């Protein structure tokens, strides 16, 4: 027992020294606006309306992920490989231009989808989605800027800036949501996102003025574009895989109150999932630095994976024990129908956490095509089962489908990781 405590303490101190907990705080503060606002809305609104809000956010988040055109991942791969500040500045400036153009195209595309009735046939929902969608472009630029800080290993700097920025924004958003309901929520989300982008741009203003001309600028741009294209293809397929469960449930579960219970459980599960994404962002630059030495690379990866699995199991046990109690304490009996759904989805979350770091291997080694292969395979295997479970068992079926899809993902990604390690 003492040995376990000592190992956990040592792990904690090492992560703290490297800036990991600063990154965790940063990511939680970034997500606090959406997550906190969603919980406030869930407190005020009915489960049916929570389902509506979750639908709007899901489509907007898909647009934000795709809006970067893959350049966000390219930054994490290219910049750590170059210590020349001129090349790093060139990479940042080009990436921002690339992301701006691409996100504008995605913004128009998703609004056309909403106008055509693909998002929903509910005109009120479509209206609020179109207003909410104005945060797509600034959100993409913010993601690029944050990843740049992480790529140059300035975790503590960006963590501090984002923490205070988002803490103030959270108060703004939650206040407007409370007093002006959905109108205040949408407006404050858009305004706070734009302000966050402008402040980060100001903080990096010296990095954005580059009068030097690098002889390798064409090579760097071509590499960013090449990685971005590959990453974007992987992202499209990955988003179809990731969101297929929610999208199918959205169209299949006709009882909107039951769907709202499922949406609420999903909100809580995704809130916990920020831990996995934080670890990914933390180790990608560090893994990219050792991509030239495959023996060292996989040794380092196994070390990170083992440590994260310990953390994931601890979080799972804590969530199963205390999260349902917290829901009952905060929301009363309003979401009693979501408790069983939540417990099932937490099992799915644990399985997802066990393979969460495997994608880092493909990105760090520039093997993005394997992410596409894996996501497409997972999508083909899981979608028929998801559809059947949703139709047959409604929200409980959707929760079980979440577990099933993550089991499939674990097996498929393990296969492709073995294939990459064998042929590298």
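Keep in mind that glycine also has a Cβ here, set from the backbone N, Cα and C atoms.
According to TrEMBL, the features are:
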TRANSMEM  20-42  transmembrane segment
TRANSMEM  62-80  transmembrane segment
TRANSMEM  92-115  transmembrane segment
TRANSMEM  127-149  transmembrane segment
TRANSMEM  161-179  transmembrane segment
TRANSMEM  185-204  transmembrane segment
TRANSMEM  308-331  transmembrane segment
TRANSMEM  337-358  transmembrane segment
TRANSMEM  370-389  transmembrane segment
TRANSMEM  395-417  transmembrane segment
Checklist entry - What stretch in 62-80, 161-179, 185-204, 337-358, 370-389 has the biggest tally of Cβ pairs under 8 Å against the transmembrane segment (395-417)? => result 337-358
Item to check | Spatial neighbours of the transmembrane segment (92-115) far in sequence, C-beta under 8 Å, 6+ residues away | outcome: 59-60, 62-63, 66-69, 71-72, 74-75, 79, 126, 129-130, 133, 136-137, 140-141, 144-145, 148, 204, 207-208, 210, 220-221, 224-225, 228
Checklist entry - Hey, which of 127-149, 308-331, 337-358, 370-389 has the most Cβ-Cβ pairs under 8 Å against the transmembrane segment (185-204)? => result 127-149
Item to check | Same-chain residues at least 6 beyond the ends of the transmembrane segment (127-149) whose Cβ lies under 8 Å from its Cβ atoms | outcome: 26, 30, 56-57, 59-60, 63-64, 67-68, 71-72, 75-76, 79, 92, 95-96, 99-100, 102-104, 106-107, 110-111, 114-115, 119-120, 155, 157-158, 162, 182, 186-187, 189-190, 193-194, 196-197, 200-201, 204, 207, 281
